[in-house]
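Novice: Starting off with a structure, shown below.
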Amino acid sequence: MSLPIKDILDHLHINDINHAFSTGTQWGSSDNAVTKDIVSPTDGKKIAAVKFATADEYNTVVETAKKAFKTWRQIPAPKRGEIVRQIGDSLRENKKQLGTLVSYEMGKSLQEGYGEVQEMIDICDFAVGLSRQLYGLTMHSERPEHRMYEQYHPLGIVGVISAFNFPVAVWSWNAMLAWVCGDVCIWKPSEKTPLTAIACQHIAQEVFKRNNIDEGVSCLVIGDRNIGELMSNDTRVPLVSATGSTRMGKAVSAAVGARLGKSLLELGGNNAIIITENADLDMSLIGAVFGAVGTAGQRCTSTRRLIIHESVYEAFKQKLISAYGQIKIGDPLNENNHMGPLIDQDAVSLYLDSIEKCKAEGGKFVVEGGKLEGEAYSSGCYVKPCIAEVENHYKIVQHETFAPILYLIKYADLDEAIELQNGVPQGLSSAIMTNNLREAERFLSYAGSDCGIANVNIGTSGAEIGGAFGGEKETGGGRESGSDAWKVYMRRQTNTINYSKTLPLAQGIKFDL
Ligand code: NAD
């Protein structure tokens, strides 16, 4: 780490008087606001305190955003793209500081913290190009001298509820696209990682101010699920984009659905890599270990299950055991370490509980887990990555434990492996490691993976912003980021224009007066 944390906090305007909400130029909080200390899982030290917004403050933010939408939507999309371009530049300038704070507040490695900010920069670039597209279709009318086309208009307020594990990137995937589409955004970050959100709000706010853009286009509300629930039930918020656990997604989907609003859900995964008898085992090892141990197993795309062909099972298991022996665990700001802490001590308890449940169901640990003790691990959030041999149907294997526990499952035939890979409630990311074309194509076919992401000779973890990101089944069905994911932030309108001198009806219907 090159800069002391204190300098980084000053640079990013993080201090103990941070307010509970921001409408862009205004920050505020009430005197009796709930205050929460934000503690780093890396060293257990308090970084800063935040205040939670009240329902009244939430309401103020929504009213400001509603007003801002009326002017923001009038600005031509490429001009909105220009603002997003400047935000991308500002993120480039602040990459080191913001990336370090992501690492310190959330506990992911410094490289991953920088990577997360890079993802934000990438989506800004993507959104700038998109701002000159946003195209609809034209189609031929069955009536003479008529023209038909469809166009996209902005929706209004987009509510963004985000999870702790990608504390800033998920907001940018939503906000940058929503902004070029002409929407305004209200962000409710995870209550576990609000400081990086405050930093992002300052960065965006400075750009909006510099361009004399009304307040209310970029809003932030700090709070827990109460704010998320207000947003989900709020008819003034036409789209709620929610990233987090399947439990949360079901609640958001029910509330938004009850008012016939739109929701974009990015929920839990239970991702597997199939390692076939034709796999390059060295390549597979890198994909598997990074997928299981990266971000301490706290990615929605983390590799949780390895489905390995019986002919290479023992050899690959030995390679894994030997690789796990070399993993360095410790301060994520130290670039020599491979794995940092879990987000908090509750997450450690859930991890320990899952190990016990796995053993109770018959799981055999070939690399033992456990909590790490000692001065270097004084935050109480560090654990050992572990590996267990299991059956796919175990209750604990069907469940997403957000921690570095890797399950090994043996298979004999590819269709059986695909069935095992699909045989969980979640459907986010999946991969096959093989040099056999038939195996690869089978995995990608209609009879193959049922996930939103299916890779060949790449692990399950991580994705490029150019593709649409998201998953099926209990992952929620949403798509964010690249490709045509922007369409969810807009409403579609079909237009028919008659430039003839008569009024012919469709389907040849006659209505003579
Ligand atoms: P979480 O569900 O506990 O919280 C996520 C967010 O939802 C927080 O901001 C929280 O305050 C809010 N929330 C919680 N209950 C709510 C409710 N009833 N109504 C409205 N808002 C509510 O998740 P987490 O522990 O922060 O994150 C981990 C989870 O997120 C994992 O399951 C992971 O797989 C998932 N995740 C998915 C993706 C994806 O793109 N599919 C990306 C990142 C994380």
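The backbone N, Cα and C atoms fix where each Cβ goes, and this holds for glycine too.
Straight out of TrEMBL:
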type	residues	note
ACT_SITE	Glu266	active site
DOMAIN	30-494	domain 'Aldehyde dehydrogenase'
Novice: Restricting attention to the domain 'Aldehyde dehydrogenase' (30-494), give the mean pLDDT.
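Specialist: Averaging the confidence scores along the domain 'Aldehyde dehydrogenase' (30-494) gives 97.
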Novice: Looking only at DSSP and grouping its letters into three states, which state does the residue listed as 'active site' belong to?
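Specialist: It is in a strand.
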Novice: Please list, in sequence order, the residues in the chain of the residue listed as 'active site' that are at least six apart in sequence and whose C-beta is under 8 Å away from its C-beta.
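Specialist: Residues satisfying the criterion: Val170, Ser241, Ala242, Thr243, Gly244, Cys300, Phe469, Gly470, Gly471, Thr475, Gly476, Gly478, Glu480.
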